[in-house]
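Asker: There's a structure below that I have some questions on.
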Amino acid sequence: MQSIEDIWQETLQIVKKNMSKPSYDTWMKSTTAHSLEGNTFIISAPNNFVRDWLEKSYTQFIANILQEITGRLFDVRFIDGEQEENFEYTVIKPNPALDEDGIEIGKHMLNPRYVFDTFVIGSGNRFAHAASLAVAEAPAKAYNPLFIYGGVGLGKTHLMHAVGHYVQQHKDNAKVMYLSSEKFTNEFISSIRDNKTEEFRTKYRNVDVLLIDDIQFLAGKEGTQEEFFHTFNTLYDEQKQIIISSDRPPKEIPTLEDRLRSRFEWGLITDITPPDLETRIAILRKKAKADGLDIPNEVMLYIANQIDSNIRELEGALIRVVAYSSLVNKDITAGLAAEALKDIIPSSKSQVITISGIQETVGEYFHVRLEDFKAKKRTKSIAFPRQIAMYLSRELTDASLPKIGDEFGGRDHTTVIHAHEKISQLLKTDQVLKNDLAEIEKNLRKSQNMF
């Protein structure tokens, strides 16, 4: 029996003999076999830049090698890290199903790149990492559920998969299930349509660790929330570990049932914020080392200073620089990096909205001094503009709730939540407020040259 991983490793060995080392290291080294769906061999690339290049340049080349190895003509599909999160991952069973050619099919494994050893720890994710490791070492005994929230590409999925890998390696016969809430919803709807709700429930209520991503997409789906509520209760009562991720804390997920919200708050809630400069440099160094790349320190510093949004874009920028260097056959320097990234740096740097910028713009609009936003004054003429500024800070920046609270005179994160909820409700009926906010955002973008 050949697994898809075995086939892919054999494929890579042939590819390596037919490509220059710089090209191989740039385009192929970080790829992995993702899954086999019917006659389609799915390959995972580290980011969309590499994915697009592979699709354009190497699809037929890879298909020919796969046919040479297996005697079978496959369709080849490439996906990137973000697309991977829409797939279901489960633990491979001891006797996996085989297709007619003896190739392992069906279930998808946890992403092999997402383990604790490859996770770079920094100030913005240290607590989330520690909590995830504690849960991995003692499932259902440390924090249950563990709720991790933060923006796109900051490492939530990485930590969830790392827990899954750790449990697999240290707990014999442990059943680990990873999926997105969208996948849960779609399967639930299909089970109702096909009269297979019992099979659906058996599948998700008989695992040792349930990892469910992007739970915010359950908002507004009453039937799915009902089903997940009972799934949660069953697993919790049987002392099975539940880990949930979201782009926001439970209190901020709209139209989420209170009973689910309260259960999400039973365990530990931790956030992940964008990496600081030191962490971004460390991420680039680790990525370069893992891919066998020799990147000058000044180049990594340049990239880290330019790309401060999330890890996915940071690593994508590094790959872009390396690829550009290979294509133009020039050494990697800070100047070359600037040339390679010129199309993406303007959008990532000039369009950053800051809390201080929001405070200044709202203050000018309502004739409120900046110091009043941070003061303890509660008069309506100050409190209401302050709430608007908090609302905009939550909507237009990646800052965490505690960070926003700090910028408004050290206020508690619950104050920020209250302000956001209040303005959100008023916007549903108050046309004057809608007009005010539209004008404020227009002024804000003008002040930061965002046209």
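Any Cβ shown, glycine's included, is placed from N, Cα and C.
This is the feature table in Swiss-Prot:
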BINDING   Gly153, Gly155, Lys156, Thr157  ATP binding site
REGION    1-72  region 'Domain I, interacts with DnaA modulators'
REGION    72-108  region 'Domain II'
REGION    109-325  region 'Domain III, AAA+ region'
REGION    326-451  region 'Domain IV, binds dsDNA'
Asker: Check the binding-site residues Gly153, Gly155 for other C-beta atoms within 10 angstroms of each C-beta and report the one with the most.
Answerer: Gly155
Asker: Other than Gly153, Gly155, Lys156, Thr157, which residues of the same chain sit close to ATP? List them in sequence order, counting a residue when its Cβ is within 8 Å of the Cβ centroid of the site.
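Answerer: Other same-chain residues with Cβ inside the cutoff are Gly150, Val152, Leu154, His158, Leu159, Ser245, Ile272, Asn310, Ile311, Arg312.
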Asker: Which residue counts does DSSP give the region 'Domain I, interacts with DnaA modulators' (1-72) for helix, strand and coil?
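Answerer: For that range the per-state counts are 45 helix, 12 strand, 15 coil.
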Asker: Taking 10 A as the limit, how many CB atoms besides its own sit near the CB of Lys156 (ATP binding site)?
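Answerer: So the Cβ neighbour count for Lys156 (ATP binding site) comes to 26.
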Asker: For Thr157 (ATP binding site), just give me the three-state DSSP call.
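Answerer: Note: Thr157 (ATP binding site) is helical by DSSP.
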Asker: Sort the residues of the region 'Domain IV, binds dsDNA' (326-451) into helix, strand and coil with DSSP and give the three counts.
Answerer: 89 helix, 0 strand, 37 coil
Asker: Compute the average pLDDT of the predicted model within the region 'Domain IV, binds dsDNA' (326-451).
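Answerer: Residues in the region 'Domain IV, binds dsDNA' (326-451) carry a mean pLDDT of 84 in this prediction.
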Asker: Measure from the Cβ of Thr157 (ATP binding site) and count the other Cβ atoms within 10 Å, all protein chains considered.
Answerer: 24
